[in-house]
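As recorded in TrEMBL:
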REPEAT    233-267  repeat 'PPR'
REPEAT    334-368  repeat 'PPR'
REPEAT    437-471  repeat 'PPR'
REPEAT    539-573  repeat 'PPR'
REPEAT    640-674  repeat 'PPR'
Amino acid sequence: MGTWRWPSSPSSGLVCSLSSPPRPLFYPAQVSCPARRPHFFLSSIDKTLCNIQDSGAISCLCANSAEVTLEAACVAKASGILVDHNYLGIKCRMCATRSKDKLFIIFNLPHTWLEAVLSTLGSSVAGKRVSCNDSKDWKLLCNSNNSILTINQVNDTSRTFETHERSSLVDLLKVCQEWGLLQEAKSIHGYVLKLNFTDQDSLVLLNHVMHVYSNCMDYDAARTVFDGMSQRNVFSWTVMIVASNEHGYYFDGIALFPMMLEQGVLPDGFAFSAVLQSCVGLGFIDFVEMVHAQVVVRGFLTHTVVSTSLLNSYAKLGKIESSSKVFNTMAELNIVSWNAMISGYTSNGLHAEAFHCFVNMVESGITPNNFTFISVSRAVGQLGDVNKCHEIYRFASKWGLDSNTVVGTALIDMYARSGSLNDARFLFDSNFTFCQVNTPWNALLTGYSQSGSHHEALELFARMCQNDVKLDIYTFCSVFSSIAALKDLKFLRETHAVAWKHGHDVMKISALNALTDAYAKCRSLEAVEMLFDGMEEKDIVSWTTLVTAYCQFSEWEKALIIFSQMRREGYVPNDFTFSIVITACAGLCLLEFGQQFHGLICKASLVTEACIESALIDMYAKCGNLDDAKKVFERISNPDTVTWTAIISAYAQHGLVEGAFHFFRRMVQCGAKPNAVTLLCVLFACSHGGMVEEGLNHFHIMEETYGVVPEMEHFACVVDLLGRVGCINEAVEFIRKMPTKPNEMIWQTLLGACRIHGNTEFGQIAAQNILSTKPEYPATYVLLSNTYVESGLHEDGVSLRNIMKERGVKKEPGYSSIFLRGVVHKFYAGDEQHPQKDEIYTMLDKLMTNMMSIHDLDFSFIL
């Protein structure tokens, strides 16, 4: 398996080239440019590069500032330089969008320059807001029927609006609402309150003021307007319910609906839709049913918008049957109704029904849109039916949507989830090879990563970098996952550097968690700790990843310490966190701690989670309490493959072969499908029970009966099965007939068997095969040396130990541990660091003296 490196050429990597110079904004006129620009131009256009060209034109490069562009236009106008109006309008919009002002720009201009803007730009300035320096006079411009509307503020406020009708103020409020101009809306609100509008005009204007406040996230101001209104219509109530929903005050939204009915205001379709959204926000299905009754009583069931809101509400709250009933009784079905029903089926896991609903929609003559294909593609992807995937793709192609970025991304994801990565790649290569939008790339990248095609994922990532496709958090999460699977630490560090260069937008908490997990799987615990300590923000996944990393390094005690710290800082462990910490208890054989965690799990109502059930069975088994392991298993109402495997493994570890086979037979009878790990546990049980024929029989029927292709671990288990009973020759013959080249695991297993039975001939062969690839592996020297000693070849054993020293290979010292008074005590050979070392070595000397007095002491396992 190859490793991945960045392209050597910087130009093919992540370096962006500058584009060609922009088209000149101004064209030369008969007059030359002024020798000196006005002072306000110099102070305002600090990011504008103005060069006087040979032809006398001014070339203006604007840096995200429409203010700069318009002011430059004024200078050009005053200087007699002609302006390209069309290009200027586009440039203003581009700059405004970049500066997050969209089409509303604030800039300061004296009156003379303002007039120049109006006369020069004409309709191009429509949609721009201009405030002048003069505090006595300001102008607000907006787009109203392609004309410029002006309001003059003077001392006599009674004359301010005398020439403006209600509709003009409504237009202004709509502008404020669209672009979030809260302060301007408050100014208009003040004038509305001061002027003597009719009750009807006031109602309309205050409704729009309330709507602006809601859109500008000022709920209190909106509610104040609503509560102060002398009269309200259905629009007033609907706006307030919608505002409550948008701010998360769903209960207020529901409470407003009966208040509206009590005041004699009849709801319309939009009011019903708004209050249904409140019901969904609270998750109250009873409220939805009450609103449904009102819909029926008031004759709105035939209203397509209301019925669609109803079926959508039922679907979101899990009542898909009620949603389907509403859908089937609707008098008129539009594209929104069909989309809501397909999305409802998909979100409730009824993927086949979603597909059939889509087919019915097409047969009824409704043309699907982007949202349709997004929902049905997700459903078909979950079905895993490639034929149905092809049907969806044909429909998308028929309407020319397969090349649409949104739909194409959904189709790629659909094929990837169905396991048809070749089709996903064909679709990508056909439409999105040169696409600069990253969503199709990310969809294929995620498909490769989740399906285990990690090399292909990294190849695609390299192409993204070469094509200057934007890399985002989703890109890096998938890439980190693939690198973790390949355990390529060098490439992980290089990719980490690239992600770091992209800044905080990429290195958010989910990406940092994925990166931390990748470092753990690449065996770099130091990097894991540094990343975790450097996180500005942590979540439960961050803590769980660190606990998991310590468990992967067998640092069980640190895992328990971090878990306790996590709880002290207020984080609530989830099912996966508990399963990992129980694994730590199993690693230390801390039965008491494991029982305490079991109690916490019961209090958290997580005991029925599959990952916790299997972890508890494994923990009790490893702590020697097989009875409690069996009790946990028997309480499971519907065991899955993982929990069946856990109980089989528990009995196999204890050497209770008959018990392991009893549960294996029960598993098959219940219809659960054994996987590779299950069959490995069965072979393990046969190996420890000396059941050679039974073990070989299960190995040979793995693929035919259970559909499991033997992996290297299964071959190693068969070698161990034969080696334990002394069938060394048969084990060697089995290795020679393996369909794949044996790795060090196979030879290590054979070497262990040779040590047990003193077979130095095959032991040397096994050791040579291991040392040819891993000369630094200390266990090989230990096992071969013990084999020599077992066979009486003490000189060869001593010679091997000398070779081990010459090569600098050090055996990691073993240790014993005991848990006492809340502390785990570890005892290493030759340890001088333990605080009670004097008492320990005094007792050890006594034990050694007693041992040496025993005749026929077995020295075969020393090194």
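Cβ from N, Cα, C; glycine included.
TrEMBL labels come from automatic prediction, so no person has curated them.
Per DSSP, the repeat 'PPR' (539-573) is made up of 26 helix, 0 strand, 9 coil. Nonlocal intrachain contacts for the repeat 'PPR' (334-368), taken as residues 6+ away from its ends with a CB within less than 8 angstroms of a stretch CB, comprise 304, 307-308, 311-312, 314-316, 318, 320, 323-324, 327, 375-376, 378-380, 382-383, 388, 392, 395, 399, 401. Remote same-chain partners of the repeat 'PPR' (640-674), defined as residues 6 or more beyond its termini with a Cβ less than 8 Å from a stretch Cβ, comprise 610-611, 613-615, 617-618, 620-622, 626, 629-630, 633, 681-682, 684-686, 688-689, 691, 706-708. Secondary structure of the repeat 'PPR' (233-267) per DSSP (helix as H, G, I; strand as E, B; remaining residues coil): 26 helix, 0 strand, 9 coil. Sequence-remote contacts of a segment are chain residues at least 6 beyond its ends whose Cβ falls under 8 Å from one of its Cβ atoms, and for the repeat 'PPR' (539-573) they are 509-510, 512-513, 516-517, 519-521, 523, 525, 528-529, 532, 580-581, 583-585, 587-588, 593, 604, 824. Per-residue confidence over the repeat 'PPR' (437-471) averages out at a pLDDT of 94.
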